[in-house]
Each structure stands twice: as structure tokens, then as C-alpha cells.
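Report on one structure; see the data block that follows.
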Amino acid sequence: MVQTKKGTRPPWVGLAAAVWVQLAAANAYTFPLYSDTLKSVLGYDQQQLTLLGVADDIGENFGIIPGILCTWLPPWLILGAGAMLCFVGYGVVWLAVTKTVVSLPFWALWLALLLGSNSSAWLITTVLVTNMKNFPHSRGTVSGLLKGYVGLCAAVLTQLFSGILNKSPTDLLCLLSLGLPLICLLMVYFVRPCTPATEDDESQHGHFLFTQIACVILAIYLLGTTVFDEVLPKSRTAQYAMLGVTALLLMSPLAIPIKMTLFRSPYKVQPDRLASQGNLEPLLPPALAQTYIVNSIATSDDNDDEDDDIDMLLAVGEGAVKMKRRPRRGEDFEFHEALVKADFWLLFVAYFIGVGSGVTVMNNLAQIAYAARNDAITILLCLFSLGNFFGRLAGGAVSEHLVKSRMLPRPVLMTCTQTVMVMTYLFLALALEASLYAATACLGICYGVQFSVMIPTTSELFGLKNFGLFYNFMALGNPIGAFLFSSLLAGYLYDMEAAKGSTGTSCVGPNCFRLTFFILGGFCALGTFLSIILSVRIKPVYQMLYGGGPYRTPRSSLH
């Protein structure tokens, strides 16, 4: 049994520590910073470099194993395993790049990169599962914050690479193999199961608002330092000052538990939230069991069989006997039980379409800009990345507001954003010159929303007990979508159009991606339809969870 930390401050301490773990989890996003060095130093060709990029993508997204283990093992052990993978994987890459180990086989480097980037899946799964359990009443907000911080921490590592590390790939790999695992080991004590934060805590909304504002300020600051990198002073003092500001902004969530320490408020312990794993929730609530029994007595003929039935119902109502039944939506599911549910596959396919089409644009943004005769690729990347961040952050907060104020299922946001994506793809297919910037930012926002909607919806429909496994299975929609939509669909159609021209392997003109955009728009129309069906099906679940006063999480879900 995993011991929980009691009190009101530990969940917020764990959330602040999770931000720094996300910094380590952003290691998979740094591949472009040292990929050229792998090619030049080790003599790889473009095809081999692409295969290494595939290893990085697979490692980052394959989280099934930590998803299963986090149900049974404490968070510190999962974090430790992630830190070890980071150390071993990037350590081997560093040894190869520095020629400390000569003639390392390509397959060994591929496997090392796979292990190093896979540490990201272990770290993200740990902090996400732990904090979702510590804040069961604010799942959308928490998931939006944590997924948003991952993207921001990738920008932090880029800032560190460009400044303090002087754009040295070997120093970056040394940081990835030694510095990031050290951060994880320093945080293992604080990322732990705690007594869940209470929903009736009036200050909780203000605390989350403060964290969201700090996150937005960090995003704007990183964007400013990136855009104006050429005009900023290059002295070491200035670089360390910029890094210090970034570190302070990353530590800003720690202000919440500090404030709670200095200005304590009365805390009422709620026994039902402190239940241990050994306490079983009665199958029927006592009042419902009693009503059922009374009705049975009223219609009985007083025979022995009915007396036995009444005794059994009394035993069930008192929790002495537990009748085996399949879980209902909103309760804890086993993985095999969820696989036969239509809601599970509706959510997976809708999410797969949303992120798959979005990542296709992200992966091909340079080619899209070139085809449109636009050389502002950096600006387009910044617009998509910033939109992705705000989509993740706002998607979690908005969905949280909708479920609590109007009991609207979170997939309603999937419906809205994928409808917008349909129109955006149509604009891109029409090749309107002025629409490229707005369409890129819009797709980034819609792409980010898919993450912050899928995560809490999965936990609300299938419970928190096996949430790590469910989340990582759903997350496979991203790489699968990238392979099908980006590599097979967009890549094939682009090469086909390029073969018609005289520019070799490059394509210029509106026809390069026109058919691709029409097909992606059609898929998003299908995703909109599926998310509508899902929203209608699960609306009673949200009315049950949020319509009867405080959200009551199953006891087994809190551990």
C-alpha cells in the first residue's frame, strides 16, 4: 500500500515539483538540437538520421509499461526508473558523439536514443497520474497545466542550449544524461500521493489561477527571448540573468504552499476522502439498499426464499458481502473491461483524428510554407507552438468550467475545435495567402485542446485506478496519426505532386497539399460527428458526477 501524505499543502508541493519533472521530461523535444552533430560526427546519411528520429518519437510516446506499473508501484520508483533510462540512454549517445566509444553500431545508438527518449513517457505518466489523484476535482485544469508545461520546458532547454551551453550538442547531451536525472532524483520525495485537495476549498480556484498566470508569463517571456535573441546582449552575465528569471518563473507554483504555510487556514478532515485501500465501498448505498428491501418486503409472500433474499440484500447494503458486477461509467475499470465499451473507442478515434491531423500540419509546416512561397518558417513554428500551449492550458480550464457550471461533457470541446479544424483546412486548401498565419495559430490551439480534453475525460469515464494505462493507450493516437496522416498520406501526395514539376523533390504551389487538406478536413468532420455521439452518450455520467453537489470520487480511485 502506498502511504499518503496528509494535509492541504502536500498536493500543491507535489504540483510544484511536477513542473521540474516536466523539465526533465522535455528531453525528447531536444533531438533537433543535436541531430546535425550525429550526422556529421558519426557519418550518418539522411535516411539513418530519420530512423534515429523515429526512435526518438517511439520512445517519447510508448508509455504502456509505466502506465501499467504506476498502478502497483509508488511514484518514486517510477521516477527513479525514468531517471535511469535518461542517464543510460543519453549517456551512450554522449559517449558516441564525443568518440569516447568508437565504432558504436548503429542499432546500439538507435536503441540508446529509444531508451533515453522513453524516459519522457515514464516521467510524464508519473506526475500526471499522481497529480490527477491529488486533485480529483480539478482534473481538466491539472492536465492542461502539466501538458502545457511540457512544451514550455522544451523551450527552456532550447534557451539553455543557445545561452549557457553556447549551442554545444555535446554539453547538451551531458546535461540530458546527468543534469535531468539529478533533477528527477531531487523531486522523488515531493511527487507522491497525498490527501486529495478538497473541492470546497475556496482558495483553490485562486491558486490555480495564479499558476495559470505564471505559466502564461513564462510562455510570453520565452517567446520574447526567442524572437529577440539576435538583439539581446550576449554577455555571460546577461545569459545567467535570463536563466535566473526562467528558474524563478518555474518555481512560481511553490509560492502556493509557502503562502499556505505562512497564512494557515482551518482544515476540516473529511473521513471519506481519507479512506484506505482496505475499506471497500458498499455496492449499494445504505439508503438505496433499505428502500429496495422495503419494497421487496411489501410485495413478498413471507416464504423462506424471500427471507434469504432480504438477508442477502441487508448484507450487501452493510458492506459485509460484495456482489460482483461490471463497473459502470465513472467507476474504476480494468483495461479489458474498457476495451469492449463503445465510449472507449469513440474517444480514442475522435482524439486520434484531432491530434493526427494537427501533427501532420506541424510535421510538414516547413514544406507547407515553401509551397506557399512563404519563407517565415520560424514565425509559423512559433505561432503553432504558442497556439498549442494556449490550447492545452485553456482547454483544461474551459472544460473544467463547463462540466462544473453546466454539466457539459468535456468532448463538447472536441466537437467545437474539430469543427473549426474542418473550416481551417478548407481555407488552407483554397490557398488564401493571408490565411496561412491565422490558420497555423488556429490549428495549434485546436491541436492543444485535444490533449487537455482527452486526459480528464478518460479518468472520469474509466476511473483513476488504471488511469496511467488508459492515458498511455489513448496517447498512441498521436504517433499512429502522425504515421498514417503525415508519413503515408501527406508524404505520398506531396511526392506525387513534386514529381509532376521540374524542381526535383520539392513542390511549389497550392496543389502540393490541397488534396491532403481536403482529406484532413473530411476526417475532422468525421471526428466532429463521433465526438457529438460520445457527448450525447456520456452526458448522464457528467450529470451524475457533477449534478449532485460535490464531486464524489470512488474511494478506490484516490489511491
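Cβ atoms here come from the backbone N, Cα and C positions, even for glycine.
As annotated by TrEMBL, domain 'Nodulin-like' applies to 11-258.
The transmembrane segment annotation in TrEMBL covers 76-97 (among others).
The transmembrane segment annotation in TrEMBL covers 104-124 (among others).
Look at TrEMBL and you will find 144-165 (among others) tagged as transmembrane segment. With a threshold of 8 Å between CB atoms, the same-chain residues lying at least 6 positions outside the transmembrane segment (144-165) that come near it are 15, 18-19, 22-23, 25-27, 29-30, 33, 124, 127-128, 131, 171-172, 175, 208, 211-212, 215, 218-219, 222-223, 225-226, 229, 239-240, 242-243, 246, 250, 385, 388-389, 392-397, 448, 451-452, 455.
Here the transmembrane segment (172-190) has Cβ contacts under 8 Å with residues 13-14, 16-18, 20-21, 23-24, 27, 30, 33-34, 75-76, 79-80, 82-84, 86-87, 89-91, 93-94, 97, 116, 123, 157, 160-161, 165 of the same chain, all six or more residues outside its ends. Taken from TrEMBL, the feature transmembrane segment covers 172-190 (among others).
Sequence-distant contacts of the transmembrane segment (210-228) (same chain, six or more residues past either end, CB-CB distance under 8 Å): 15, 141, 145, 148-149, 152, 155-156, 158-159, 242, 245-246, 249-250, 252-253, 255-256, 382, 386, 389-390, 393, 397. The transmembrane segment annotation in TrEMBL covers 210-228 (among others).
Sequence-distant contacts of the transmembrane segment (240-258), counting only residues of its own chain at least 6 positions beyond either end whose CB sits under 8 Å from a CB of the stretch, comprise 9-10, 12-13, 15-16, 19-20, 23, 153, 156, 159-160, 163-164, 207, 210-211, 214, 217-218, 221-222, 225, 232. The transmembrane segment feature in TrEMBL is assigned to 240-258 (among others).
Here the domain 'NFD4 C-terminal' (339-541) has a mean pLDDT of 88 out of 100. Residues annotated as domain 'NFD4 C-terminal' in TrEMBL: 339-541.
Same-chain residues lying 6+ beyond the ends of the transmembrane segment (344-365) with a Cβ under 8 Å from its Cβ atoms: 338, 377, 380-381, 384, 411, 414, 417-418, 421, 425, 440, 443-444, 446-447, 449-451, 453-454, 457-458, 461-462, 473-474, 477-478, 480-482, 484-486, 489-490, 494, 513, 516, 520, 523-524, 526-527, 530-531, 533-534, 537. The transmembrane segment annotation in TrEMBL covers 344-365 (among others).
For 377-399 (among others), the entry in TrEMBL reads transmembrane segment.
Summarising the annotation, TrEMBL assigns transmembrane segment to 411-429 (among others). Within the same chain, residues 347, 350-351, 353-354, 357-358, 368, 391, 395, 398-399, 402, 435-436, 439, 442-443, 445-446, 449-450, 453, 457, 513-514, 517-518, 520-521, 524-525, 527-528, 531-532, 534-535, 538 sit at least 6 positions outside the transmembrane segment (411-429) and bring their C-beta atoms closer than 8 Å to a C-beta of that stretch.
Distant neighbours of the transmembrane segment (436-457): 128, 132, 139-140, 143-144, 147-148, 347, 351, 354-355, 358-359, 361-362, 365, 368-369, 372, 374, 379-380, 383-396, 399-400, 409-411, 413-414, 417-418, 420-421, 424, 427-428, 471, 474; these residues of the same chain sit at least 6 beyond its ends, with a Cβ under 8 Å from one of its Cβ atoms. What TrEMBL lists as transmembrane segment is 436-457 (among others).
Annotated transmembrane segment per TrEMBL: 469-494 (among others), in sequence order.
Annotation comment: TrEMBL describes 515-536 (among others) as transmembrane segment. With a cut-off of 8 Å between Cβ atoms, the residues of this chain six or more beyond the transmembrane segment (515-536) that come close are 343, 346-347, 349-350, 353-354, 356-357, 360-361, 408-409, 411-412, 414-415, 418-419, 421-422, 425-426, 428-429, 485, 489-490, 493-494.
The transmembrane segment (104-124) is in contact with the transmembrane segment (76-97), judged by 3+ CB-CB distances under 8 Å for residue pairs 6 or more apart in sequence. Here the transmembrane segment (377-399) has long-range neighbours at 140-145, 147-148, 151-152, 155, 208, 212, 215-216, 219, 223, 226-227, 361-362, 365-366, 368-370, 410, 413, 417, 436-437, 440-453, 456, meaning same-chain residues at least 6 beyond its ends whose C-beta is under 8 angstroms from one of its own.
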